[in-house]
């Protein structure tokens, strides 16, 4: 005889939300939404119920923006949003630049000229199971041959190590693995002679000859902050097209 199906325990009601927090309950995370509610509602803009129904009604559906899936928009506003999406305007402005050449860094080479990403995906979906397995084996062999020529190099300088120790008791908005990666990037830069040892930069160089750092795709600026704190570099230029929260002040 088979086992009787296990009885599921009735789910307990969610606790009351903390003050000043959206009332929407996230069952997978077992907590309320961390956003601030709108002045006229108990919910934030992402979880606002339909104005035509009560608070217990289903929420309006959010869908990814087709221009940039990193943000979402209400489904009923999608058509209007696409026409005025700021990222669409940014992409159009970038394409209008005289130096812009679409896909120039995509690594097309001799065999991939003129083939779009969508066409490549379509070809992969048409593969049989055996063809897909053979393709995966080729990729594994190519990776193994390339990986043999690479070596791990995890270097952390004394200046960066002291900096990280001083951050232990601070509430920093980034994870430990990220700061160790950035410390190793700086350590390898010093090993290759791209940086002078901590403290020597500010002492040996005058104001006119002071080094400068330009970081493209700087994100929130954590890597450059470590450079500024550990190496006394004051001339920093951060380039980032996206608008991030929790950006550091250097």
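The backbone N, Cα and C atoms fix where each Cβ goes, and this holds for glycine too.
Checked against Swiss-Prot, the range among 1-20, 21-40 recorded as region 'Disordered' is 1-20. Apart from 65, 71, 81, 85, the Zn(2+) site neighbourhood in this chain, defined by C-beta within 8 angstroms of the site C-beta centre, holds 66, 67, 68, 72, 73, 82, 87, 88. Residues of the same chain lying 6 or more positions beyond the ends of the compositional bias 'Pro residues' (11-20) and with a Cβ under 8 Å from any Cβ of it are 32, 36-37.
Cβ neighbours of residue 81 (Zn(2+) binding site) (same chain, under 8 Å, six or more residues apart in sequence): 65, 73. Just so you know, the Cβ of residue 85 (Zn(2+) binding site) picks up 17 other Cβ atoms within 10 Å once every protein chain is counted. DSSP classifies residue 81 (Zn(2+) binding site) as helix under the three-state reduction.
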